[in-house]
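Shown next, in structure tokens, is the structure this report addresses.
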């Protein structure tokens, strides 16, 4: 006889899906749940999830939108195959509940669970629900939102975006005083951002080295180019391919220059960190711009569309913040006020209600 409730988390592709899933998984594991993962073997979750102590099963599925006619025509066959693969996994795991957090595996996994009578909880991190989640919401017992308005359905519940406990536990942000260097963190997401990698070394070269302390996450495969960009301009910067301890990086920084993935926006709010957002222009339904607007509307961040991005625009903002730390402090306080810090607990509680 089983004593533990069993959960399969379906989340993958990017850190924006995986890390919120891990936050909920950790919370439920502490409560005695048995948690495993469903994902794809060629995406981030394949390496990241086992490192955090969770078993992962794989199904064969890839994105459909914007990937050409051949893939579109083959999609029904691939989807049916992946649903049967997911059914096999769920049967083997003797699952009580599945939690869909986004990524390629969520759709087939959610439909497989529904077909087996296993309750599905869906969480949409972005301000605009993606295609997979719009479909999966029809098969879900609970539909949860990171941002208000992501779903038009009246049954959708606003819970916020789960973030890691170590971020919630960070002390209240204190912005550096004007007599010391401004600490700037540049993050292009887990995969990097070429436009930030290319532009920021030139931007910082227009200031004295004493003005800024710089930490720059280049993304996988871009370290050497970014490091060279700073060195050629005689700019001191701590360049890292991937920052493994993001809690310490957030705690260190006064300001972030970054994309506007849902997880990034949620994390910045929780830690009270002002931001210059440069949303990914190719994001489906322009959801990153809508994510960023949440903090911009609270006067906790500023936004520069990539098509309007210039070295001068970023330099002007940096000069403003360099000379006006009170403004950054006010933005920090407004950011923290906008945070939903109990999102992880809310999702975990809803999981417990259904089993």
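Using N, Cα and C of the backbone, Cβ positions are placed for all residues, glycine too.
The feature UDP-N-acetyl-alpha-D-glucosamine binding site is assigned by Swiss-Prot to 14, 15, 16, 126, 164, 190, 243, 262, 263, 264, 265, 266, 267, 288.
Overlay of Swiss-Prot feature records on the structure.
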residue	record	contacts (Cβ under 8 Å, 6+ apart)
164	UDP-N-acetyl-alpha-D-glucosamine binding site	19, 22, 23, 26, 247
243	UDP-N-acetyl-alpha-D-glucosamine binding site	187, 215, 217, 249
263	UDP-N-acetyl-alpha-D-glucosamine binding site	15, 16, 19, 20, 125, 161, 163
265	UDP-N-acetyl-alpha-D-glucosamine binding site	161, 291, 292, 294, 295
267	UDP-N-acetyl-alpha-D-glucosamine binding site	163, 167, 246, 250
Report summary line: One finds that other Cβ atoms within 10 Å of the Cβ of residue 14 (UDP-N-acetyl-alpha-D-glucosamine binding site) number exactly 20
